[in-house]
Amino acid sequence: MKVAVLGAAGGIGQALALLLKTQLPAGSKLSLYDIAPVTPGVAVDLSHIPTAVEIKGFAGEDPTPALEGADVVLISAGVARKPGMDRSDLFNINAGIVRNLIEKVAVTCPKALVGIITNPVNTTVAIAAEVLKKAGVYDKNRLFGVTTLDVIRSETFIAELKGLNVADVKVNVIGGHSGVTILPLLSQVEGVTFSDEEVASLTKRIQNAGTEVVEAKAGGGSATLSMGQAACRFGMSLVRGLQGEANIVECAYVDGGSEHAEFFAQPVLLGKNGIEKVLPYGEVSAFEANARDSMLDTLKGDIKLGVDFVK
């Protein structure tokens, strides 16, 4: 099993690489790529951790050596949010970065499962899909927008609010990965009820949690560590699915034939082909149905931005 992290010298990439070095199955290979010259050194640093995961780092303009033979590719390359920016402000820089990296993926490891972490995810996943289509290698079951951070935040905030064991909290988060497009289905959380006020405030907190971190770091960064953990959870789920483990389900932003938009975050069953099955997200409350329907123009606009960028 080979996992490649592109953008591995950044805040998310280093956290993700550390977690993968400690969690990937014995005998796995982990390759780190970043344009930054420090990247081989990050790999040397991590190589001193005593786990049976072989690690190599590559720097420079060309990610090809890191991508050769990769089963899973996780892309966190790009610029991070600063105070006053929203995820869409990142588009101008990150769109080109994702396009260029996916062009290399299309040539070097077209069958790999690809998880896009680089924001704005609503748009960068659409960019990746268009690039892969142009190259004639697009498989909608192998491309994912990583929205796991919205899920782990929801789990955490619900557990805190209700005094639950966080390990027992399961919640689907649907839609997209920015602002109003993030929709936690709180009505489905088992064993707990929320007042209308709690639903409204909790939903808003989950939607704005990225900004909460950006502001708390006061210009010193964005949500890198929690995102690293979220990306590791999702990456490990992809690996476990590839290895044939049963019942691996995660929410992700995918081209899953949704009635709502071309790309939509919902639960998917993972396996040897990536997505084995797109799962229904279940019954929703009136509040959730309204929030879902009113986000769609925003989401579709984000997707169109990505499609138009490549065309």
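Just so you know, the numbers here start at 1 and follow the chain as drawn.
Quick reminder: no glycine exception, Cβ is built from N, Cα and C everywhere.
Positions annotated as active site, proton acceptor by Swiss-Prot: His177. Residues or ranges marked as NAD(+) binding site in Swiss-Prot: Gly7, Ala8, Ala9, Gly10, Gly11, Ile12, Gly13, Asp34, Asn94, Ile117, Thr118, Asn119, Met227. According to Swiss-Prot, the feature substrate binding site maps to Arg81, Arg87, Asn119, Arg153.
Of all the recorded positions in the list Arg81, Asn119, Arg153, His177, the shortest Cα-Cα distance to Gly7 (NAD(+) binding site) is found for Asn119. Here Asn94 (NAD(+) binding site) comes close to Ala77, Gly78, Val79, Thr118, Asn119, Pro120, Thr124: these same-chain residues lie at least six apart in sequence, with C-beta atoms under 8 angstroms from its C-beta. Closest to His177 (active site, proton acceptor) by Cα-Cα distance, out of the binding-site residues Ala9, Gly13, Arg153, is Arg153. Max Cα-Cα distance over the annotated NAD(+) binders (Gly7, Ala8, Ala9, Gly10, Gly11, Ile12, Gly13, Asp34, Asn94, Ile117, Thr118, Asn119, Met227) is 18 Å. In this structure the alpha carbons, written CA, of Ala9 (NAD(+) binding site) and Arg153 (substrate binding site) are 24 Å apart. Highest local Cβ density among the recorded positions Arg81, Arg153, His177 belongs to His177, counted as other Cβ atoms within 10 Å over all protein chains shown.
In terms of C-alpha distance, the listed binding-site residues Gly11, Gly13, Met227 place Met227 closest to Arg153 (substrate binding site).
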